[in-house]
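Undergrad: Annotated domain 'CBS' per TrEMBL: A:146-211, A:212-270, in sequence order. What TrEMBL records for A:369-390, A:410-434, A:446-470 is transmembrane segment.
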2 protein chains.
Amino acid sequence: MPEQSKPSITDPKLEPIEQLEAILSTSDNHKLESFVYEIPSGEMARTISLLDEEDQKSLLTRLPADAAAWIVEELSHQQAADIIEELHPDDAADIIDELPSDEQADIIGELDDDDAEAIIEKMEPEEAEDVRLLSKYDSDTAGGLMVTEFLTFLGDTTVGDMADNIRQNAEEYHEYDVQYLYVVNPQEELLGVVRMRDMVMCRPEVKVKDIMMSSPKFVHVNDHLDFLEDFFDAIFFNAVPVLDEQNKMVGVLKRADMEEALGDRSERQLLRLGGIIAGDEMRTMPTFPRAARRLAFLGPNIFLNLIAAGVLIYYQNTISQIVALVVFMPMISDMCGCSGNQAVAVSMRELALGLVRPTDIWRTVIKEAAVGIINGLILGILIGLLAWGVGSFDLGPLQGQPNIAPMLGLVVALAFFFNCIIAVIIGGTVPLVLKGLKMDPAMASGPILTTITDVCGFALIFGLATWLIIP
Amino acid sequence: MPEQSKPSITDPKLEPIEQLEAILSTSDNHKLESFVYEIPSGEMARTISLLDEEDQKSLLTRLPADAAAWIVEELSHQQAADIIEELHPDDAADIIDELPSDEQADIIGELDDDDAEAIIEKMEPEEAEDVRLLSKYDSDTAGGLMVTEFLTFLGDTTVGDMADNIRQNAEEYHEYDVQYLYVVNPQEELLGVVRMRDMVMCRPEVKVKDIMMSSPKFVHVNDHLDFLEDFFDAIFFNAVPVLDEQNKMVGVLKRADMEEALGDRSERQLLRLGGIIAGDEMRTMPTFPRAARRLAFLGPNIFLNLIAAGVLIYYQNTISQIVALVVFMPMISDMCGCSGNQAVAVSMRELALGLVRPTDIWRTVIKEAAVGIINGLILGILIGLLAWGVGSFDLGPLQGQPNIAPMLGLVVALAFFFNCIIAVIIGGTVPLVLKGLKMDPAMASGPILTTITDVCGFALIFGLATWLIIP
């Protein structure tokens, strides 16, 4: 073994990636395993993404399945899936067997159907069944978010027998932080819930049906994240049972998992606003698919931009006579776009908070118009004064026409004023309209807004100029 | 009482807001209370926001404190604070007394210091102390996110005595879903944690110190959300004890509350990308403050836009000779801005996932440049062909110059190609640089990117035209 490939594991001067690569270049699997547990949780995703594909593969196959699963849990589902699908299905299945059921389903959901099936076939039968169950449901529903690890008992079980069962299975239950026990009938229909704390106060011979909370709260597998958010808002429990279409209990939805899903959704929205379709590009992916994904969004934008270009072609004669106005095109286009985006952001937030509905368009128009008039007036006057100034020192072909500089200022100010009002009204209402049409407001609001503000802005500035200035 | 103000409470044709207004116009407080509990959780925030200020005030003062607290819990902290600060401090204190400690601190944190102090003084002494404790900490830290309701016992307490205590206080503990019990010494220093489930398996005479998990995991009051996210990633527990600077146990941080805070942060980022400083505008606020808040962001944008305007003034002579190029200004400006925003979004996400760090600039430049070259080439050729076409039917003052149409296409294509590469590189790296400078990437990336792509885009198109076309 060459000398330079043997740095100390704990050398604080080396980054985790450097140390990991050094250890991977040896054949010391024991050292590899202990080092993996030393990588700080916040460094894991980046460290793994910096390894080349071969090293990622060799890392996960050389480690015992539970250590490999430890790594996989620290990665985003997509990053995990990208690495898992390169492994042999046997190795992949061993690692996935070690994950909690909701993570299993999330990662397998990111794989191609063929890869997924190959791995599920190699998994332990019980785990495989859970994955098949969970992957039937959309990831934004209770069925997709639930865990399938939960404890059920028949109503006639005594508290003492329940405690015995929990003790016997302590190791298996260790990771699931059981907080409630569920009472079912032989058809697995939910009858009640027992809190651990209520068991503490009981003598062992008491039957669970006598201490359970009957008519318990529950959700259905197909209940959507929006409903679940409201549901948890209204209750104090940290977890609720999930029933399938036949009212059979099939899982438990934890409050923390619901909150995590809400957070993920906001983050996807953030990315979608930037126009990445599917919202899951990472720079570790190959270049061409990344470029293609971005193009898919940019392409249609050309056609929207053609409308604005059309307006400019229409006014080409005016433009050639008052070139000074060209100087103010980007200002009107950018600032009004910006004003409109502010309105988009407020609407998106109010939609998320449940403060507006798609039918509240008229109220939004009035509220936005008020702000648009104030800001359009203030900024319009400012920009108009700038235009007056520019007009005073360079008049182009219109030199000598009386009052040309103040007229230039007036045209720019008026164009900005009206376009600003249009922008905030469009920006405020487009997300509501898209939501009403069941489209994604995050992705489409921006391009629609920009196109409309550009078209109106250019039409206003050159239309007003044609009317007020051209002799 | 006039006839029309007495619709049935359960009239399904009326919106909750209409029914609520009708009931408020009567003096039937009992009906008011029972109706409030009927409002679906998802409708509450909007319904309350639609009431005028007087009705909001009268609603909360006419209801018993626990029913009023029920409403307040359904509102965002800021909406709640806006209404609470209009109430008499006595009424406000009664309502806030009914909320869980973390909600109390969050709402009071939104109030002016004077209003907050007036309310805290009227609260129950114990609750007031908790609020003062929690509001000492930043809302993004364990201290700001924890709840102060938790159960501690000395190590010599027997399981039987603990169970008795829990039973006696069952009502008080009802809402807090106790899952762990904490073992401390007389100085309130944390010694261990007992899971409810471990109590279930014990005889009553066992001492808690013999069944506790010793050297338990904990966090400190000042630990930041980023740290807490990684911390919870690496453990299975649903809640951890929070220690203060003297290692005294002062609260419990629940996983669900940490996840909720992460989600809130993504949503604030979403709003900040749209340029709302402070990120908390709602349309129920008065118009002038809303306008002023948005102006605070738009104002500085004028100065950034002046740089782009300067470039256009510099090239005014070229513009007046090749007006056809003006038609392609918005296309280059919008599409490159859009490409850059895609890169911003990917960097923001990778920062959030811990996949990049501020020092990874060089790697990001290479990854983005690769995508920029591909997309710049494809879209540049497309837009160049469009420009060639436009040049063929309207040449302006340059009519008759040989090859003017294809030259126009070449200039537009080259300008787009280079500007697209610049845009994705700037877009990908600016969030990292801002993060490295401890600034907020969500708020500043957009305007910086747009200014640079505009300036470079206009300089490229008219610079190339001056060099290649102007005779």
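Cβ atoms are placed via backbone N, Cα and C, with glycine included.
Quick one: how deep are these features, and who are their neighbours?
TA: On the 0 to 100 pLDDT scale, the model's mean across the domain 'CBS' (A:212-270) is 87.
Only residues 6 or more beyond the boundaries of the transmembrane segment (A:446-470), in the same chain, are considered here, and those with a CB under 8 A from a CB of the stretch are 273, 275, 300-301, 304-305, 307-308, 311-312, 315, 318-319, 321-322, 325, 328-329, 332-333, 336-337, 340-341, 344, 398, 401, 404, 407-408, 410-412, 414-415, 418-419, 422-423, 426-427, 430.
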Undergrad: With a Cβ cut-off under 8 Å, give me the same-chain residues at least six positions beyond the ends of the transmembrane segment (A:369-390) that come close to it.
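TA: Residues 324-325, 327-328, 331-332, 335, 339, 343, 405-406, 408-414, 416-425 contact the transmembrane segment (A:369-390) from elsewhere in the chain.
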Undergrad: If we skip the immediate neighbours and take only residues 6+ beyond the ends of the transmembrane segment (A:410-434), which ones have a Cβ under 8 Å from one of its Cβ atoms?
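TA: Long-range Cβ neighbours of the transmembrane segment (A:410-434): 325, 328, 331-332, 335-337, 339-344, 346-348, 351, 356-358, 360-361, 364-365, 367-369, 371-373, 375-377, 379-381, 383-387, 440-441, 444-445, 448-449, 452-453, 456-457, 460-461, 464-465, 468-469.
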Undergrad: For the domain 'CBS' (A:146-211), give the DSSP counts of helix residues, strand residues and coil residues.
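TA: Going by DSSP assignments, the domain 'CBS' (A:146-211) contains 26 helix, 18 strand, 22 coil.
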Undergrad: Can you tell me how the residues of the domain 'CBS' (A:212-270) break down into helix, strand and coil by DSSP?
TA: 25 helix, 17 strand, 17 coil
